[in-house]
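Copied from TrEMBL, the annotated features are:
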type	residues	note
DOMAIN	143-235	domain 'Mandelate racemase/muconate lactonizing enzyme C-terminal'
ACT_SITE	LYS164	active site, proton donor
BINDING	ASP189, GLU214, ASP239	Mg(2+) binding site
ACT_SITE	LYS263	active site, proton acceptor
Amino acid sequence: MEFKHITLRHLKMRLKHPFTTSFGTQQDKEFILVEIKNKDGISGWGESVAFTEPLYKEETVKTNWHIMEDFLIPLLFKEPINHPDEVSQRFAHIKGNYMAKSALEGAVWDLYAKEQGISLAKALGGEKEKIEVGISIGIQKSIDDLLKIIDQYVTEGYKRIKVKIKPGWDVQVIQQIREKFPSIQLMADANSAYTLDDMDHLAKLDDFNLMMIEQPLAHDDIIDHAALQARLKTPICLDESIHSVEDARKAIQLGSCKIINIKIGRVGGLTEAKKIHDLCKEKGIPLWCGGMLESGIGRAHNIALTTLPNFILPGDTAASSRYWEQDIIHPEVEVNNGEILVPDGPGIGFEPNLEQIEEYTLYSKIFRP
Ligand SMILES: O=C(O)CCC(=O)C1=CC=C[C@@H](O)[C@@H]1C(=O)O
Ligand SMILES: [Mg+2]
């Protein structure tokens, strides 16, 4: 593979609805879009999932731009890449910065699949022709507001409802959801809002038949999660704690979780995501694909990854129209009765909408070898 040039674009898109979690509220989504064009004019596309503030993890849009411009892009130009699996090896000596690495690696994977004339799903070894998806709902002003939103998405057929919890917005909320929706597939994401001191309080959630509690404790912990999992009947799912297949191996060995949420950006790219997938398949740990409020480009990568066989549980990949007045791909991602048809076109299988991308672009820069 030879790269003619790499374009970084900083985009700003306004979410249809503010998204509130235990660590803050998002109304606008700023992110870096990566385009890698080859000498035949074919472009591969990737998306960084870093936010503007280091509240979910330590990376931001600005740190990503710096690491891509000053370290990762020069490494990509250093010598030809024969297969996308080589990208993570070439980046390996650069510590952390998983989201920056993932955005570039994702664009290489998309370009590779397009050059091979196959879908990204097929290039990754995916087998599914459609995937089941759920939806993640932020913290609302009132429980009544939350119940109305849940009712809307259950009616639309989403296969799983994920709600956010935090101290003061947890047991009572889940109890009222269960009273109205006794049998839906329901999970709660705490985004590290609790400590082991809350163990007995969190154990009250065992009464509500949750699929899982996602990341209840610190974003960089697997020890205390093991102690909590031993106390809870409800499976713990790790999100923020897992950056690599090594993290996953240790967490599984310690009993820190029974489910893992893979976010391509959090683990440094699709090659590492595949390694985690294969380990979890071997160990009997079900996976699902987490979301980061992506545009259609990142959403397309999530769809492709979710076609791998151990992505057993519905993930966060909801329809474009749930997030954006106008997404940056066409067609947009559509969900029908909780399912997405996997595109079989080359690469990510969705066309970037260049006009819309330009409209949302705050600034861009082209890098040449
Ligand atoms: O709809 C989506 O893309 C998922 C949104 C979502 O739940 C999250 C996005 C980003 C960080 C967190 O707030 C949270 C998560 O931890 O999964
Ligand atoms: Mg999460």
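Numbers here mean position along the shown chain, with the first residue as 1.
Positions of Cβ are set from backbone N, Cα and C atoms, glycine also.
TrEMBL does not curate its annotations; it predicts them automatically.
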Recorded positions close to ligand 1 - of LYS164, GLU214, LYS263, only those whose C-beta is under 6 Å away: none
8 Å Cβ shell about ASP189, GLU214, ASP239 centroid, Mg(2+) site members excluded: LYS162, MET187, ALA188, ALA190, ASN191, MET212, ILE213, GLN215, CYS237, LEU238, GLU240, ASN261, GLY290
PLDDT averaged over the residues of the domain 'Mandelate racemase/muconate lactonizing enzyme C-terminal' (143-235): 98
Neighbouring recorded positions, C-alpha within 10 angstroms of LYS263 (active site, proton acceptor) - of LYS164, ASP189, GLU214: none
Candidate with the highest Cβ count within 10 Å, taken from the binding-site residues GLU214, ASP239: GLU214
Fewest-neighbour residue among active-site residues, criterion Cβ within 10 Å, set LYS164, LYS263: LYS164
Other CB atoms within 10 A, centred on ASP189 (Mg(2+) binding site): 26
Spatial separation of the residue listed as 'active site, proton donor' from ASP239 (Mg(2+) binding site) - C-alpha basis, Å: 13
